[in-house]
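**Q** Summarising the annotation, TrEMBL assigns domain 'Major facilitator superfamily (MFS) profile' to 2-594. Summarising the annotation, TrEMBL assigns transmembrane segment to 33-56, 68-89, 167-188, 218-241, 284-302, 322-342, 354-374, 478-501, 513-537, 566-589. According to TrEMBL, the domain 'Kazal-like' annotation covers 399-454.
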Amino acid sequence: MFLVALSFAYFAKALSGSYMKSTITQLERRFDIPSYLIGVIDGSFEIGNLLVIAFVSYFGAKLHRPKIIGVGCVLMSIGTFIIALPHFITGRYEFETSVRRGENSTQNQAPCPVGSPADLTQSCEGESNLSMWIYVLLGNVLRGIGETPVQPLGISYIDDFATEENAALYVGCVQTISVVGPVFGYLLGSLCAKIYVDIGFVSMDSITITPADARWVGAWWLGYLIAGVITLLSAIPFWFLPRSLLKDPEKSTAEEKRKETPLWMEKWMKFLPTLRTLLGHQVYLIYLCVTIIQLNSLIGMVTYKPKYIEQHFRQSASKANFLMGVINIPAVALGIFSGGLLMKKMKLNIMEAAKFAFGTSLIGYFLSLIFFAMSCDNAKVAGVTVSYNSMETISYDKHSVFTGCNSDCFCSASDWDPICGDNGITYVSPCLAGCTSSAGSGKNTVFSNCSCIGAAGNFTASTGQCHHTDDCDRMFPYFLALSVITSFIISLGGTPGYMILIRCIKPELKSLALGFHALATRTLAGIPAPIYFGAIIDTTCLKWGQKRCGGIGACRIYNTTAYRVAYLGLTLSLRTISFIICIPGFILLSHQLKKEERNGIHGALANRGAELEALRKDDFVISNLDHSQQTSDNIIDRETQL
């Protein structure tokens with residue numbers, strides 16, 4: 001029952017975590033924030049975890065572990081509900097649009113207003129001074145706090161009360177279930193991204209944007225409510241499980257005493273010298289550096305991969321999340337499982353495991369270089385990526401969107417309400433395309449008499465960006481195939497790589513080594529990676545959205561080439577550094593193994609010498625005993641004769 005409950009808790013926390021990553025672009029657009037702030041929100045989970053991990057790990061074993069895990073699940077659930085809270089306390093989502101109806105009229109206002117620029121000012125009423133994304137951050141911190149006891153206390157409970165031969169199987173079951181969680185998390189993200197954020201509160205006929213639009217926000221809050229309910233349900237069984245599963249009361253009492261009467265002061269005095277010994281272990285230190293750098297690369301890449309698919313290959317958020325859940329995550333899970341199986345079948349020692357992990361990572365690295373060749377051209381947007389006379393120029397400022405054909409219109413350069421002209425070029429807004437009239441409503445609005453579209457200016461345009469069925473669409477399946485192959489190959493080295501950590505350290509240092517490794521990777525990879533990846537991605541933005549009361553919002557269009565180079569370049573640069581550090585690591589590991597082998601031979605010889613010496617002593621004692629026995633026998637014989 002405990003195994004079932006813990007597996008469900010693992011599933012719930014993995015589902016919530018992956019759903020958070022699937023909503024990155026939705027949160028950016030809903031709260032009008034740049035990518036680096038999303039990185040801060042994503043990393044806040046690790047911050048919450050670190051706040052209480054020492055306390056939970058140290059004192060958790062003394063308390064009722066199932067109930068502590070239950071409390072953690074309840075906190076995770078509350079945190080997940082808090083993330084969804086801003087949707088219910090703020091107004092409806094208002095995206096930038098030029099399609100507005102006149103007051104008390106069913107007629108559309110002219111896209112190209114003639115008047116003074118003062119007419120374009122918007123009201124700031126209803127705009128909250130408090131940034132709503134703060135609630136998302138605080139909710140994620142609480143999720144991190146709640147998740148803390150699940151793994152250490154859950155695994156230690158299994159280890160304490162399961163039989164030795166079953167413990168490994170039970171832990172394997174829990175880890176397998178935790179891999180299934182992200183699949184459902186991304187699929188839930190895909191489903192919610194298709195649904196409009198204010199579904200049920202606005203007429204969908206009046207919505208002029210589609211899920212492929214840069215302003216579209218899906219029902220991000222709905223997934224958090226579902227994840228929160230699942231997490232809350234996972235807490236229930238833990239309240240009915242016993243503190244101990246030992247049937248023998250004497251054994252149980254002895255177990256409690258053993259946990260309640262440690263020599264705290266003595267342990268603390270030993271802690272710092274032990275930590276110094278651990279950090280003085282050169283192989284462990286290099287392993288720690290390599291994994292921290294590789295995890296920076298991995299976490300940054302995974303966090304922004306759905307966004308990369310959206311921006312570079314012009315796919316909807318729903319499709320990007322669906323592909324992550326159905327293709328990428330299973331490939332990683334299969335790779336980790338296959339790596340462990342291969343290690344068992346091939347009976348790899350520590351050096352062979354290190355070479356195997358390095359080899360798979362290197363093959364994945366060279367395959368990843370092909371992604372640079374899978375390029376897509378920038379979307380043709382007048383005044384942003386091409387000039388109004390169709391000449392390519394990837395430099396944007398607010399003056400470049402104004403030209404002779406729209407000089408009669410008083411347009412705002414900060415608006416982003418793209419329309420697709422009959423000439424195949426996207427215009428930032430109907431006003432900047434010089435359109436003087438429009439007909440229809442919602443997604444079916446058609447703009448006409450557009451002075452900037454076509455030589456005579458008599459072409460029409462429709463809402464949304466132009467979608468070019470060019471080489472990019474043909475390239476996308478190859479990108480997915482290569483992504484699956486590289487994910488699988490890199491994951492093959494996951495288990496052998498982890499075994500290096502376990503085997504290169506002395507048994508008495510193993511527990512501290514694993515704990516310090518988890519702490520270091522969370523602090524130096526889990527928290528900073530999403531932030532600086534997001535900040536670098538922000539530098540490739542060509543056109544920022546504008547908040548109603550001023551200030552930069554979410555990015556509307558990126559420089560595709562710069563985005564690809566920044567995202568892939570940063571990912572592969574970090575892995576290059578890790579490979580360079582691996583070289584001295586291999587040398588030191590080889591020296592350590594040779595030293596251990598020599599010590600083993602000397603030890604064996606010493607033991608053999610001791611055994612021979614003992615045998616000689618035994619022979620001497622036996623011969624003395626035989627001699628004394630013979631003497632006593634002779635005396636007895638004489639006494640008998642007498």
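Just so it is clear, glycine is given a Cβ too, placed from its N, Cα and C backbone atoms.
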**Q** Grab the same-chain neighbours of the transmembrane segment (33-56) for me: Cβ-Cβ under 8 Å, and only residues 6 or more beyond its ends, written as numbers and ranges.
**A** 17, 20-21, 24, 27, 68, 79, 131, 133, 136-137, 140-149, 152-153, 303-304, 307, 519, 522-523, 526-535, 537-538, 541, 552-555
**Q** Honestly, do the transmembrane segment (322-342) and the transmembrane segment (478-501) touch, with at least three Cβ pairs under 8 Å and pairs 6 or more apart in sequence?
**A** yes
**Q** What average pLDDT is reported by the model for the domain 'Major facilitator superfamily (MFS) profile' (2-594)?
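**A** Averaged over the domain 'Major facilitator superfamily (MFS) profile' (2-594), per-residue pLDDT gives 81.
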**Q** Any chance the transmembrane segment (284-302) and the transmembrane segment (566-589) have 3 or more Cβ pairs under 8 A, given the pairs are 6 or more apart in sequence?
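**A** Checked: the transmembrane segment (284-302) vs the transmembrane segment (566-589), in contact.
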**Q** For the transmembrane segment (566-589) and the transmembrane segment (354-374), check the count of CB pairs under 8 Å (sequence separation 6 or more) and say whether it reaches 3 or more.
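**A** The transmembrane segment (354-374) and the transmembrane segment (566-589): touching, yes.
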**Q** Quick check for me: are there 3+ Cβ pairs below 8 Å between the transmembrane segment (354-374) and the transmembrane segment (218-241), leaving out pairs under 6 residues apart?
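**A** No, the stretches stay apart by this measure.
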**Q** With DSSP, how much of the domain 'Kazal-like' (399-454) is helix, how much strand and how much coil, in residues?
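**A** Summed over the domain 'Kazal-like' (399-454), the classes give 6 helix, 15 strand, 35 coil.
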